[in-house]
């Protein structure tokens, strides 16, 4: 089955900048997150699709490769998938194509020890952790430098020796018809060195599989889609080459009370209809504790109250966001006989559902309905 275009998956144009890509991903991730759609396999598949698209398009190098080659750019297995807690690093297109053309036209070169692969770790945070910042310990499996041979692959007391086939060049010349071409040495695989006495622990690879524990400091104000780079904490390189990096991908879990939009927080505050009509004070939650909200008389459902500075301070700096409380007027339930009687008396004092003085919107609505039916009968 053909893969969906990454730009279409996120609903953005090919010219979209990083901010637009992040905003689209955040909106879709909140919509299709498994926590919000338990048991929905279609939502889970969609979530994985947009996550994969985001991880490619937010990385400038991967995005450039995708724009040029499409999905074929990642079919060599180098980019890594989107599942699991961690994944492999990016493909080196210079190595993919350079080896082919180098062998044919004599441009082959001694193969240098490969830098270690980058790793990715998906970290879920609560809203409180994302807003305030947190330090978390994570455990990841990775290829680490062998502590016996210190990465050179040779048994202690010995060293890699010069390849007798290519004499350390890493290349050999071969005649093919009228042409003489250079190819990677089949004996040392282009490294110019061979290990005669391999390390007993890593068997000559210079690396061993280990799990390591890292302490990751998450700065205050991060949001879904943000990525934290830990330099040199990826997999160890081959035979002493530099290690790759670890990328911590942030995913903020849905909150039972608050919703975040950029640096602002939103919440719904239920009030009874008596307070809505008469006004009063009510306690509302913030991430810093409870505060009092003054509700004016004759407040209608849906009205937004802004509490300045009670939102999120962005990790990128700037002013702190606000908390916006949306009032929801609740209809009373489980009424006793006395309450029903009082409500009936109140309704009679209003003059019915279309009372002009006490319900101006209802009056306007019923006048509109009457005009509509009058027009139909003409």
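In case you wondered, yes, glycine gets a Cβ from its N, Cα and C as well.
Features of the protein shown, as given by Swiss-Prot:
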type: BINDING; residues: 146, 149, 199, 202; note: Zn(2+) 1 binding site
type: BINDING; residues: 163, 166, 185, 188; note: Zn(2+) 2 binding site
type: DOMAIN; residues: 5-70; note: domain 'J'
type: REPEAT; residues: 146-153; note: repeat 'CXXCXGXG motif'
type: REPEAT; residues: 163-170; note: repeat 'CXXCXGXG motif'
type: REPEAT; residues: 185-192; note: repeat 'CXXCXGXG motif'
type: REPEAT; residues: 199-206; note: repeat 'CXXCXGXG motif'
type: ZN_FING; residues: 133-211; note: zinc finger
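Among the binding-site residues listed here, namely 146, 199, 202, 199 has its C-alpha nearest to that of residue 163 (Zn(2+) 2 binding site). Distant neighbours of the repeat 'CXXCXGXG motif' (146-153): 159-160, 195, 198-202, 204-208, 236-237, 239-240; these residues of the same chain sit at least 6 beyond its ends, with a Cβ under 8 Å from one of its Cβ atoms. Same-chain residues with CB within 8 A of the center of the 146, 149, 199, 202 CB atoms, the Zn(2+) 1 site residues themselves not counted, are 147, 148, 150, 151, 152, 153, 154, 198, 200, 201, 203, 204, 205, 206, 207, 208. Note on the zinc finger (133-211): DSSP counts are 0 helix, 35 strand, 44 coil. Cα to Cα, residue 166 (Zn(2+) 2 binding site) and residue 149 (Zn(2+) 1 binding site) are separated by 25 Å. Other than 163, 166, 185, 188, the residues of this chain whose Cβ falls within 8 Å of the Cβ centroid of the Zn(2+) 2 site are, in sequence order, 164, 165, 167, 168, 169, 170, 171, 172, 186, 187, 189, 190, 191, 192, 193, 194. Cβ crowding, taken as the number of other Cβ atoms within 10 Å, peaks at 149 among the binding-site residues 149, 202.
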